[in-house]
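I have placed the structure first, in the form of structure tokens, so that the comments after it can refer back to it.
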Amino acid sequence: MPYEIKKVFASLPQVERGVSKIVGGDPKGNSFLYTNGKCVILRNIDNPAIADIYTEHAHQVVVAKYAPSGFYIASGDVSGKLRIWDTTQKEHLLKYEYQPFAGKIKDIAWTEDSKRIAVVGEGREKFGAVFLWDSGSSVGEITGHNKVINSVDIKQSRPYRLVTGSDDNCAAFFEGPPFKFKFTISDHGRFVNCVRFSPDGNRFATASADGQIFIYDGKTGEKVCALGGSKAHDGGIYAISWSPDSTHLLSASGDKTSKIWDVNVNSVVNTFTMGSNVLDQQLGCLWQKDHLLSISLSGYINYLDKNNPSKPLRVIKGHSKSIQCLTVHKNGGKSYIYSGSHDGHINYWDSETGENDSFAGKGHTNQVSRMTVDEHGQLVSCSMDDTVRYTNLTLRDYSGQGVVKLDVQPKCLAVGPGGYTVVVCIGQIVLLKDQRKCFSIDNPGYEPEVVAVHPGGETVAVGGADGNVRLYSILGTTLKDEGKLLEAKGPVTDLAFSHDGAFLAVCDASKVVTVFSVADGYSENNVFYGHHAKIVCLAWSPDNEHFASGGMDMMVYVWTLSDPETRVKIQDAHRLHHVSSLAWLDEHTLVTTSHDASVKEWTIAY
């Protein structure tokens, strides 16, 4: 019973206000890479739906850069670990690992022969190191700064030069190898966020939080000019990137614009205004072949259009925070995946192409905990902002209507025919009919965690933290406790009725899935063991013969109802991140989401 990965819809870059985001390009110009959490994400620049995720860092990764040869990538994390790994194979084998200093690595630069690496950041005893890639032997010292170094670059032609930019408002110029400190450049009045040599090595540029960009001679370090005369931008500048022919420079700023500069005549060629919201601040940029990319504070990746500066060619959206829940729905013959994340953001994806967007208008303001689609084709979602929302899936617009405010925080919801929604909250079970609250059980006597409604619409199953499942009946506008207890093997974490209503599957914190037979008075049908840690989600296949479970052990199992031994085990479905939610597109296609903020589609063969 094999499986294979069909599609990966990758996460967006992880961004932080006021901190520049480094986006690296590959030397051949086909792909770009960035980091999110413990992952390094590699994406095809022409078709960003093609993605690969590297997850071998134990800590949050800050920066990753291709070697000029294109065969290796160096990535550095917050603990000061630098990993150099292979790009040619799917396994991304580790070549070398170094710890140049103890503390966050903020930038990496290679020499053009891919033999030496400079690493800078916030170490305890030093802020940078430069060494041979294969032995780790030092090839110089990075000195001259008394605060954290934000950026480093090396001239890509001999004689080598190295330049750094720091929070002490200075840039420093080095000659080598071995690299020795030559002089400090103190033209900026605020933090220096980014320093970059032009591809031909003739010049380098420094960009700072003071809104200025200075151009210098690449060989001597002499100042050539200040772009734009005095100020290049009205806000701090977080990133710069040279054009491949070394004549133009792209800059990204907190004033919510990106600009293209003609360096030879010192003038602005284009100004891209990205919006007026604080989330439109520009924190990163990349110029690769004909593509101009910028990164917004929202995490969105913008493909800029030189011919129409007011509107990007395309904007890549998705999630930059961990995904908590998902659901799938067919609309107009297409299958869509809906995913909700920790920051209240809901995204929808075309399951075939990976084309995606977020809903229009103002939606949830906190973590989306559970989503499902009701009989009217509305997305029903509950969130830690204490609301349940009904969103029309043809309009995909959060309007003022369709919001139900609850007294306490909801954890899970389920919908049934006849306009019913059952919501379990902290210490409360609420029944909604036609988007109105009609009944609640205020002190159920246990802590309800999850809920499912039988496809027939009369029975509601509620799983509790006490390890029991209780059954309720929907009678008009009330819920009646049937007084029946089904015992799970531990605190219930998720439950679901099969689509034909014949079985109820219950998973728990004790790593077990128990299936009850509905027709036989909810007698225990089978028990499924295999997970190594708490199971958090499960979903039935449309064939009602198989169901999938995902857990904190990063594993997904696809079980066969009749035989617990016949199973598909997807190891490391989302490596280093537990699986947060599952759904089936069809009998052989499973969708998984995780705290790594990515969505994956798997083909399952029985």
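Cβ from N, Cα, C; glycine included.
According to Swiss-Prot, the protein has these features:
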type    : residues : note
MOD_RES : Lys28    : N6-acetyllysine
MOD_RES : Lys81    : N6-acetyllysine
MOD_RES : Lys95    : N6-acetyllysine
MOD_RES : Lys115   : N6-acetyllysine
MOD_RES : Tyr238   : phosphotyrosine
MOD_RES : Lys480   : N6-acetyllysine
REPEAT  : 4-45     : repeat 'WD 1'
REPEAT  : 48-87    : repeat 'WD 2'
REPEAT  : 93-135   : repeat 'WD 3'
REPEAT  : 138-176  : repeat 'WD 4'
REPEAT  : 180-218  : repeat 'WD 5'
REPEAT  : 224-263  : repeat 'WD 6'
REPEAT  : 270-306  : repeat 'WD 7'
REPEAT  : 311-351  : repeat 'WD 8'
REPEAT  : 432-474  : repeat 'WD 10'
REPEAT  : 480-518  : repeat 'WD 11'
REPEAT  : 523-561  : repeat 'WD 12'
REPEAT  : 566-604  : repeat 'WD 13'
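Taking the features listed in Swiss-Prot, we show where each one sits on the structure.
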| residue | record | DSSP class |
| --- | --- | --- |
| Lys28 | N6-acetyllysine | coil |
| Lys81 | N6-acetyllysine | coil |
| Lys95 | N6-acetyllysine | strand |
| Lys115 | N6-acetyllysine | coil |
| Tyr238 | phosphotyrosine | strand |
| Lys480 | N6-acetyllysine | strand |
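Each residue contributes its Cα atom, and for Lys81 (N6-acetyllysine) and Lys115 (N6-acetyllysine) those atoms are 18 Å apart. Contact between the repeat 'WD 5' (180-218) and the repeat 'WD 6' (224-263) is supported: at least 3 Cβ pairs lie under 8 Å, counting only residues 6 or more apart in sequence. Remote same-chain partners of the repeat 'WD 10' (432-474), defined as residues 6 or more beyond its termini with a Cβ less than 8 Å from a stretch Cβ, comprise 388, 390, 402, 404, 406, 411-426, 480-482, 484-497, 499-501, 504, 506, 508, 516, 518, 522.
Mean pLDDT, taken over the repeat 'WD 6' (224-263), works out to 96 on the 0 to 100 scale. Counting residue by residue with DSSP, the repeat 'WD 2' (48-87) contains 0 helix, 21 strand, 19 coil. Helix, strand and coil counts from DSSP across the repeat 'WD 13' (566-604) read 0 helix, 25 strand, 14 coil.
Ranked by Cβ neighbours within 10 A across all protein chains shown, the modified residues Lys28, Lys81, Lys95, Lys115 are led by Lys81. When the modified residues Lys28, Lys95, Lys115, Lys480 are ranked by how far their Cα is from the Cα of the residue listed as 'phosphotyrosine', Lys28 comes first. The Cα of Lys480 (N6-acetyllysine) lies closest to that of Lys95, out of the modified residues Lys28, Lys95, Lys115. Touching of the repeat 'WD 7' (270-306) and the repeat 'WD 12' (523-561) is ruled out by the presence of fewer than three CB pairs under 8 A, sequence neighbours closer than 6 excluded. Fewest other C-beta atoms within 10 Å: among the modified residues Tyr238, Lys480, that description fits Lys480.
A gap of 21 Å separates the Cα atoms of Lys28 (N6-acetyllysine) and Lys95 (N6-acetyllysine).
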